[in-house]
């Protein structure tokens, strides 16, 4: 109560001060700008901009002190009382003396970006009719070409800062992650009996994994990769900086599954104790198989290796899913987050069923209760991954990189783990058509999510919320 009362008094005092001096500006800040290009960001808070526009004076300076900022107050007031030049989202602001700009925000976009051309200014004194932090949701209002936050050397008033710290709503993303875990667990429990009976039929396995491939690839292309381009573009104004980071994260995601599989294999070999003294070739494999069948200890070790490979691999797979879910909710909102949840469940369920068949099959022969427990425990990593992203201080660009990485992982899983099932030589022509139909169905299910969907950063205005305009213009201004 005391803090609220104090905040009210400070606000009242500042308001009265503005009234007494009749200042047309509410905030001033002076910045050192050694680089050529910067990006000014205004975002919606609680689904709305604090004001449809922002009046700004951007005055080039050579000294960056509080005294220099105060010395420009009267001139800035005169400039703000002049006719201001409208700058649309994606436009460029060139600092100049006695010049006023009116930043017009794009109402259909959740944020508006403006390029600041500082090539002729050692520093800039900004004066605005709103405190810039009123337009901050997930990103700082001023960033350099590398995506780093730029803070003022001095401000008017000196205590201008966010009234409240940004908080993250953990409820929906954690509920979504729990939904993934429970849905796959219950799905495995319910589907296992019919799946076990039909697992010997090539068509059934082909259709199951073809459906998962369609869902995975559609989720990658329709949701993760495209949204990632929007979010990554927030952090860097130069197009080359956006493209190489986005592409690198996709490639990293593509190679992650085989890297994890290799690490798991190395761990399992270490548990086994190596095979340096063992015979080589097919004979050694046959003899090892016989030895493991005859020796209970060897059989236990073989079972442990297979269980470990399945459970550890599944743990890291679900952990990555948690990263993507947390990033989707945190960077793009609940609607997009639940879309990713649906895609995650649709591709996780066939994979978890396949793992369960392995764990309860003759090579491992775990009981149903133990296999379900192993499945559930490895699945809890989706909650861990989601919590890690939610608790970390990450900006939009970082979330975009995580989504690009997730898109790469989904591309690998869909294209190499699931899609090849369509080419099983045991399948006839009609069976392959049926499997292909299952693939199309999986893609359509994800595609239906796009109905009424708005992208994370619809900047500019070309069909998808205007990324084309804002993104292109902002980059164009930086070259």
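Placement of Cβ uses the backbone N, Cα and C atoms for every residue, glycine included.
For 1-19, the entry in TrEMBL reads signal peptide.
Distant neighbours of the transmembrane segment (170-192): 318, 321-322, 325-326, 328-330, 334, 337-338, 341, 344-345, 348-349, 352-353, 356-357, 360, 368, 372, 375-376, 379-380, 382-383, 385-387, 390; these residues of the same chain sit at least 6 beyond its ends, with a Cβ under 8 Å from one of its Cβ atoms. If you look up TrEMBL, you'll see 170-192 (among others) marked as transmembrane segment.
The transmembrane segment annotation in TrEMBL covers 204-226 (among others).
The feature transmembrane segment is assigned by TrEMBL to 246-271 (among others).
The transmembrane segment feature in TrEMBL is assigned to 372-391 (among others). Same-chain residues lying 6+ beyond the ends of the transmembrane segment (372-391) with a Cβ under 8 Å from its Cβ atoms: 168, 170, 173-174, 176-178, 180-181, 184-185, 188-189, 307, 310-312, 314-316, 318-327, 329-330, 344, 352, 355-356, 359, 366, 399, 402.
Feature annotation from TrEMBL assigns transmembrane segment to 397-413 (among others).
For the transmembrane segment (433-452), same-chain residues at least 6 beyond its ends with a Cβ under 8 Å from one of its own Cβ atoms are 203, 206-208, 210-219, 222-223, 339, 342-343, 346, 419, 421-422, 427. Positions annotated as transmembrane segment by TrEMBL: 433-452 (among others).
Here the transmembrane segment (204-226) has Cβ contacts under 8 Å with residues 195, 198, 250, 324, 328, 336, 339-340, 343-344, 346-347, 349-351, 353-354, 403-404, 406-408, 410-411, 413-415, 417-419, 421-422, 424, 427, 431-432, 434-436, 438-447, 449-450, 455 of the same chain, all six or more residues outside its ends.
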